[in-house]
C-alpha cells in the first residue's frame, strides 16, 4: 500500500479534522487509566520517511488547541516513548484533553487514540518460604517442575524429580517484561542481563518489588527454573510497586523485539506476567511482536473472570496461561475461558527472592504459571530454533496433558502444559 501523502496546506488538514471521528474504544473504569494520558496509534501505511511530517502536523493541532485556551490540560506528545514494532505498528503517548483526543482521531494518519491504561503484576500475596530453604538445599525446588514432567499427578510430589534435556534452553533468551531482575542471584549466574528500563521514575538496574526476579527464576533458574541454560533479559516496564502503563510496556516490547532480532545465534521468548483492562493498543503490540517471530507468553490474570476481558490476555496470538494447584485444580483466582491457551502450576511456586544472592520465596498466581510455559517454549526453541511462534503454540497445545484437571470452567481448555516429550 502506498504511503499517505500529507498536504502542505494547514487549511486542508483542518477540513479533514471537521469530518466525523471514528468510534472510540469503550471507556474503561477511571482507576484503570492514567488521567489525561492517551496512546496515538498510526495507520499501518505510515512509513519512517513520512513519520516526521505526521508528528509535525499533530504538534500543530496541539499548539492550536492550546492557543484557543479551551482546556486547562497542557497537551504534549512524548516522543521519547514512540514505539515501532515491525512495519505495521507505531504508537506515541500524549497528554491530551478529551476534546483534543477527538480532534486527533480525525487526523488522516491516525488509526486510533486510546486511553493509556494502568497495568500491574499478576500475583496475589506471597506466602513465606519454607524455613531454612536456600538454593544449595533444594533437592526438589518446586512441585510445578515435577508436575509438568509427568502425565499423572505424582504421589507424593516431593519425591519426584525434574529431568531436563541437555540443551535445557541454551541459545534462547527469555525477555522478562516486568519489575526488573535481581542480577546478583546465584540461580541466574552467568545467564542474566539487564536489558533496559522503560518505566518512568523507576530505579534502574534493580528489582525493588521482586516480582520480575521470581518470574525469571521460574523460566531460567538453574535450580528453580524450567530452561536451566536459557538467558533471562530484564526489561523493567513496571515500577517499584509493580505498576506500569501501556506506554511503558509497549516501549518494553519494542525494545525486546529489536534486541531479540539483533542477537546472533539465539532465539527469543517474551514473558509478560502482567494484567490490565482490555486494551487494543497492548494487544496490537503483542500481535506485532509475534509477526516479528517472537513467541509471547502472558498470564491469564488473577481476577477469577474471563481472560478475554483483560490485556494482554485477550491478544489472539499470545500464549495465555492460567494457573493450577498441586491437586490439579484450577484455583478460583485464575482467569478462565476461551482466551486461555493452556494451564500450568501457579500456586505456592518456589523461586528466587531479592535481597540476597541465594534467597527464595513462594508466590502464587498466573504470574508464576506463565514463566513455566515460557520456559517450556525455550526448551522447544533450543532443540529446534527454526520453530515459528505459531508452531511453538501448536506444540505446546498438542503436547499438553488432556483431561486431568478438575473443574476447568466456562470453556477453559482442560490442558496442562507438558514438558515430558522434551525430556527424552
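Placed from the backbone N, Cα and C atoms, the Cβ positions cover glycine too.
As written in TrEMBL, here are the features:
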type	residues	note
SIGNAL	1-24	signal peptide
DOMAIN	37-121	domain 'Inhibitor I9'
DOMAIN	169-403	domain 'Peptidase S8/S53'
ACT_SITE	178	active site, charge relay system
ACT_SITE	211	active site, charge relay system
ACT_SITE	367	active site, charge relay system
Other CB atoms within 10 A, centred on residue 178 (active site, charge relay system) | 32
Cα-Cα distance linking residue 211 (active site, charge relay system) and residue 367 (active site, charge relay system), given in Å to the nearest integer = 9
Summary of DSSP states over the domain 'Inhibitor I9' (37-121), given as helix, strand and coil counts | 32 helix, 30 strand, 23 coil
Candidate with the highest Cβ count within 10 Å, taken from the active-site residues 211, 367 = 367
